[in-house]
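Student: Sharing a structure here in structure tokens format.
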């Protein structure tokens, strides 16, 4: 008896989970082969990569657009689908009878009609159950409690609903019965599974729906609905109750004579005459079996059409494609929305156990329909793999480059050297090229095994977990038989149902029937591997993205050949040719892995012998024609056997009657009915070629076998060590790593190790040394003295002889001598470091474990440390804090000893005192305000008694030295009433900033510097123009750069003008030179001499500049060739002439002062350098500077300027006393008036008439009359001038012609009335000097 179904899902046991190390993870197939003995027992396993293995997600998300499959959960489960198919048949039967199936409720549960029908059939049928009164027994089997008279209800429901269908199936006559429904019965909606496979759902249909199948709310069709327009696809939320079509009455009233009842042959009782909606045959309702009481409201079929409709064969079940395509984003939004709505909580909070139990509940119920979608089998070749690939669209960062070649990259795994799929030439999507899977909650993959029973590997890139169930390969046939027994109806219509990936079965059901099932939850970043012929299924916990591919190792090859034979029995297509793969590998026998060669040899042997046997049988059948062909050039469909659909690669049979058809050698008799002599054997290789290929593979495999025999012989008979090395080298060059090779390496390495150790023990040449302290490293695994004695006795156990054995006895003697000397030295209280080192050096040649070595090293370290402390204490000047700390740190690490402890105490005391004084010295220097010199001196005296090198204390000493030197210089600065120079004062104040000590004179010196700065600001406001580019010193000093801005564009004639004052010093050519000379001058007298020299140079350069500028004013043939003004262009328009430098400027190129009075001199921008303050404002500046009593270049220049001004005023007063000034004033006023009225017309006229000659003659006459008086006045002027400053007076050097002509531009006529030229020249010299002073 079958137990009632379990109410709750019980999870199967977990499959093994592996976590490889980085070393194990480096070789995928080696690791899979390592875990295979464990994992293949469960069929599936999970692998967690190392935590740092996180490949980037490289799929082209923007291009990824897919159409998912529609999955209705309760149609996936095999037993549930059987029930749904049965109910659909019952519903169809009653629908064709014009009735609607409604499933009754029993004990407030929907009655399981399928189980009721199955139990009644098992009990012998309806009549037998009624006769033997077994309805109570059936009710108990269905899970109802006994004693409630449920059996009678079950009988009534069976007799009313199922019994007519049972009689219809057996063909018996039906007793009088009709389908009457109770008001509590729920209307059943057929699934119409066969019809729905070719029908796409509407765009507006919900993608995931959960509805009560037996809900009371149904969609009612309106009266008069056209039955012909009824859709084949039954809606999930309701069903269609078909009503009679308007205008087509079941009881024909018009033309009744044309219809006759096929039972009684009469056309009477036309109101009770029915017309079949299928074939238009007519029947009386009372002639039918069973007779009908009334005319059916829906469609009605006659018995003949009913048998035809219900007898149609079932259509194979398959998944529908969704009506819309998704992007990854849109599918994710839909999936998350569905899961959160279904469980009424955020997706990440739903427990996996809850989802698992709900999934198996949904697939096992017919009362609820939940529809989901699954993006399965998406080709990575089209949209890109989730792993990065070379030459892909995804740009891989440098740190992720190693993922491109990783063996765990699913694009690489199928084509690695260890995968035999490498030898399959075609790119098989899903096997050699990965497939992508985009899942949502409840989307599932059904029970299946991989093509050709290969391995598969699945990697979950991201998203929610994927739940897996698996059965080991040895249980595959058991699982298939269980599913066939539990759902035979499905396999009758689809024998290869398990190959279609459309059917699942509850793991609990399989486990109850003896099938071992294991489960796991695959999380993001984890691999799941399925092993050959291991059935597996599962579902997704939510939105995720996975990638899967197949691979085959050499252990799979026998399984793959069995799979091909199994496919031949099922007439199933092969994905690739197994024989082709084997032949491709055999062609590469010389370079083949020896283990693979052994496997290929077995495959080749089976394949060749079988092929030879089949060809011999074909030959006996009478097939004599043969032809060699290349099957690889044929299309895939032409390589398949038309009988069993297997791929023909080695040979095939064709006939001329059907050249497009071919059969394999197993089905030669099934090709056609032609004589056997007409058949042709088409083969790829001859038998000789096949044997040759097999021989090459055998040689490769046999060479390894020969090597194995040699290894075993040597290990058993103790060969020479050289022979062991030879075998290892031979294996490393020809054969892959094997356990035997590893064993041989271990033996050889052990022999080498013993020989090397023996030699090292003899000559003391171990590579690793502890040379800094003598002796050997403590990390070495060395022999003890006792082990050394037994070392020689162990040589006999090795597979070779060691020649160093006789020499080891001498080593023992030296070891004993070393131990005696060590005990003697260690007994001394203060051994010498040299003696200790000598013992440790001796131990270098004794590569055995010596127990005295650690103590010798300790005593050596102590002796060396005490020696270092003594040496450091003997040189206090180099004993710094770091040295003391280092020695103390070294002493702390030493073994305890009285001498060490005493030295440590002394060092610690000295370090403490030194650190305290270092901190105190630093605090004294960093204190604000600074400490007095007395305080610093007192601290310094205490520090000098400490025998150590203290940087801060030395710095304090340096500060005191600098402070004393500074005070001495400050006192000497004004010693004897000397006036200090500003630079010396500023330098002294600046130096004081770097001395962290209290300096009493500093405040006074800083006040002097501040007063000087204030004085300079006042002087600058007095002299400097607004926004003046000149410094105060530039304005006060005589000019060193007269005409520098204009000399750059002088004409050649100006450059050739005679230079005056070539004897001037070249050391004062710039303001910097003058400033440096003034700063370096010892007193005011030397500063005045320097400024007088600069003034002399200024006058010389100014006179040269005036001569150069006035030479341009001489008449020229082409005035346009002149270059004047700051713009260096020809004269034009209104012009201005500088009174001082005589340069001519365009009015538009320079700014003119609007307040300039008529006749007042105008100076160009280069000559106008200061405000020209009155003398009464300048004298207080000099007086305030004298009160400050500090010399500075600006002060010397101001003093020199005032002296020049006073001298000039004196000369002016002298000229006024002699009456010369009044005469010149009258002459100038008269000239200015004439110039204002006639200057412009005269210039224009003279330019046109070119009257330069007349002008010259008139000028000469005037000069002849005045020459004598002019000379006399000049001599008198020289006598009246101060003899000290005659050199700087420019009057004697001025040309008489210059000052006898009119000053107006371009006018060369004598100006005004004739006056005393001597007086005029004298006054003009004074006037010019005035411009120089004030300019």
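The backbone N, Cα and C atoms fix where each Cβ goes, and this holds for glycine too.
Got these off TrEMBL a minute ago, pasting:
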type	residues	note
COMPBIAS	195-205	compositional bias 'Polar residues'
COMPBIAS	1231-1241	compositional bias 'Polar residues'
COMPBIAS	1260-1271	compositional bias 'Basic residues'
DOMAIN	15-56	domain 'JmjN'
DOMAIN	80-170	domain 'ARID'
DOMAIN	258-308	domain 'PHD-type'
DOMAIN	402-568	domain 'JmjC'
DOMAIN	1122-1170	domain 'PHD-type'
REGION	180-251	region 'Disordered'
REGION	1043-1062	region 'Disordered'
REGION	1231-1300	region 'Disordered'
Student: Restricting to the same chain and to residues at least six past its boundaries, which positions have a Cβ under 8 Å from a Cβ of the domain 'JmjN' (15-56)?
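Tutor: That would be 387-388, 394, 396-397, 400, 403, 406-409, 413, 416, 418-419, 455, 468-473, 475, 516, 518-520, 522, 525-532, 534-536, 551, 553, 555.
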Student: How many of the residues that make up the domain 'PHD-type' (1122-1170) does DSSP mark as helix, as strand and as coil?
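Tutor: DSSP classes over the domain 'PHD-type' (1122-1170) add up to 0 helix, 8 strand, 41 coil.
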Student: Mind checking how the domain 'PHD-type' (258-308) divides into helix, strand and coil residues in DSSP?
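Tutor: Computed counts for the domain 'PHD-type' (258-308) are 10 helix, 7 strand, 34 coil.
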Student: What is the number of residues in the domain 'JmjN' (15-56) that are helix, strand and coil, as DSSP sees it?
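Tutor: Its residues divide into 16 helix, 6 strand, 20 coil.
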Student: For the domain 'ARID' (80-170), give the DSSP counts of helix residues, strand residues and coil residues.
Tutor: 62 helix, 6 strand, 23 coil
